[in-house]
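> In case it's useful when we look at the structure, here is the feature table from TrEMBL:
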type     : residues : note
SIGNAL   : 1-20     : signal peptide
REGION   : 30-54    : region 'Disordered'
TRANSMEM : 91-113   : transmembrane segment
DOMAIN   : 94-390   : domain 'ABC transmembrane type-1'
TRANSMEM : 147-173  : transmembrane segment
TRANSMEM : 227-244  : transmembrane segment
TRANSMEM : 250-269  : transmembrane segment
TRANSMEM : 325-347  : transmembrane segment
DOMAIN   : 423-660  : domain 'ABC transporter'
REGION   : 664-717  : region 'Disordered'
COMPBIAS : 679-700  : compositional bias 'Acidic residues'
COMPBIAS : 701-717  : compositional bias 'Basic and acidic residues'
Amino acid sequence: MVFSMLALPHFATLCCRVLREYPTPVIKEQVRSKKNDDAEEEEPFQKSEKAAQASHVNLSARLSKEGSTGKNAGIKEVWRLIKIARPEAKILGWAFLFLLISSTISMSIPFSIGKILDIATKGAAKTEGPEAEEKSEMLFGLSLTTFYAALAAILATGAAANYGRIVILRIVGERIVARLRSRLFRQTYIQNAEFFDANRVGDLISRLGSDTIIVGKSITQNLSDGLRAFVSGAAGFGMMAWVSLKLTGILGLLFPPIALGAFFYGRAIRNLSRRIQKNLGTLTKIAEERLGNVRTSQAFAGEILEVHRYNTQVRKIFELGKKESLISATFFSTTGLMGNMTILTLLYVGGGMVSNGTISIGELTSFLMYTAYAGSSLFGLSSFYSELMKGVGAASRLFELQDRKPTISPTKGEKVVSARGPIRFENVSFSYPTRPAVKIFQNLDFEIPQGSNVAIVGPSGGGKSTIASLILRFYEPTEGRILINGKDIATLNAKSLRRKIGVVSQEPVLFSGTIAENIAYGRPHATRAEILRAARRANCQFISDFPDGLDTHVGARGTQLSGGQKQRIAIARALVKEPDILILDEATSALDAESETLVNEALASLLRGSNTTISIAHRLSTIKRSDTIICLGSDGRVAEMGSYRDLSSRPDGAFTKLMEWQMSGGDAPRVNGPPSEKDEIEVDLEQGDETDEADTEDDIEGNKVQETVDKAIQEKK
């Protein structure tokens, strides 16, 4: 054994040497990859001014991992947790009545057994012959048959009461969980876009799922068990004091250490519960995100990486669970040992009291049984406290979500009867709430006439899709106003406004269900004929190729359909609303040439002259069919605005340069808006200086100077 311990370090050193000299294929690949990375190391990207601005992140909308109360939970939070069950107060009253009945019957059993033993032993000792046999058959003035029949009836009553208690509490618990989930899901759904920008979907799912279950169990089943333990403990200690104050005093020495241990144990369990729930939210987020993009992961052979990522989070939860189990095992084993030692002491002292005639054998038996009940009650109260702290930890996360008010209420404001009329952006400035230092728009100003077909173009990241988000009131401008028919949309009811707007995004989103259900999502009460008409207008002829037609299930996120088919269903979903404003975020990007032509013809014939169409465009075909083109600059202002013929006729215009760069496959050039007053003054001064120099030179030199001036002006612009 000693030789083995001495040889172990040498064996480990030998293994390391072998691995270095004869590495495995995996290690070889890692070393080779590292060498290649070192050899091919390139200079990192130079951080731009925008990167410095983007580093200022505002996550005030993010929910806390610990919940609304942080790490400290007091009586206020516990009381608020219990108040969740207030709507079920009447039916819970019946459950507690059944609890009292079953507990009373249970606590009467030790007393009855003690009396039976005393009557049996005393009767046998004092009498002999037929009289003894007659008396021994009488218990509490009843014959043996009557007594046991009555006892069986009492026990059956207790069992029935216990059955009623469990059924009521389980049903109430499920009802509370259902109500909590419904309320929280609605509260989550009415939050504005800033909230979802700052919070992970997996964490929200965890709050709606596991947290609600913990809370529901904590205020029904756990609360019932706690009250049962309290009633049983109070009755048990009362009966023990009635039997023997001396033995009860010995048992009372057990209380202080158990109470102190329960306090620290409950705090530790509460904090661990919060950490476990937080990590469960992260685990749910990883699973939801990775499984939702499993094809992309498989395409890059990333299965091992994703499994490793998931297992890493699983190990974190396992370590926390292991820590919780160690704390629980320490607490319950310690209290169990203390309880057993107390029982041993009671037997020693109680045996002496029976010998001295202080108490009878029946009374000692009853006392020991009540001690077992009281000990069980103490364990029950400890478990109740720890589960209650778990419930408080989970409830604090729910309360934080429940108490959060959206910055843009979807139901407040003037209801929108019609969204027809000109759309005007009036000196609008905007930054995303999570990155307030990055200015998307600065004094953006333009107007879209009613019934026009407008294309919005600009460089990548120039804010084209942001315009659609602002019209839909997903965000509020930091400065300026957005007017529809002269009304500031900030004063309008967001939900009724969105009902008047149809949206087709670049990446179509379908829900699990049938094609008809997805089209009718834009108008839930649409008739079958209206759904068919919208599908035909969007050129959804492919529906005829499916055996179930409109009743064909599209799968999760529309995975059973091609990209072009999903896009056309999304267009039909927008058209079935018959919107006053239609926003197309490159809606034909996933269509082939033939389908794109047919859909464009349908949209043009349907919407021209009555509805306003806003196309966020990259394709030249979409841009050409627009009445007006709004070209955004990289400085957050309108660089140019006009018809396609007008803008394309300007060889040095912002729109022309943008199209040239896009057609050549390069990055979009930096396009600025109109020159400011300062820029114009600087250009005028430069022109004056260059003109003075040109007057002193010959014509050839003057032409060269003029060319230099023109070039400088263009650079300034």
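Cβ atoms here come from the backbone N, Cα and C positions, even for glycine.
Help me see these features in their spatial surroundings.
Nonlocal intrachain contacts for the transmembrane segment (91-113), taken as residues 6+ away from its ends with a CB within less than 8 angstroms of a stretch CB, comprise 85, 151, 154-155, 157-159, 161-162, 164-165, 168-169, 172, 220, 224, 227-228, 231-232, 235-236, 239, 362, 365-366, 369-370, 373.
If one looks beyond the transmembrane segment (227-244) by at least 6 residues along the same chain, the residues whose Cβ comes under 8 Å of a Cβ in the stretch are 96, 99-100, 102-104, 106-107, 110-111, 251, 350, 353, 358-359, 363, 366-367, 370-371, 373-374, 376-381, 384.
Same-chain residues lying 6+ beyond the ends of the transmembrane segment (325-347) with a Cβ under 8 Å from its Cβ atoms: 247, 250-251, 253-254, 257-258, 261-262, 265, 268-269, 272, 367-368, 371-372, 375, 378-379, 382, 386.
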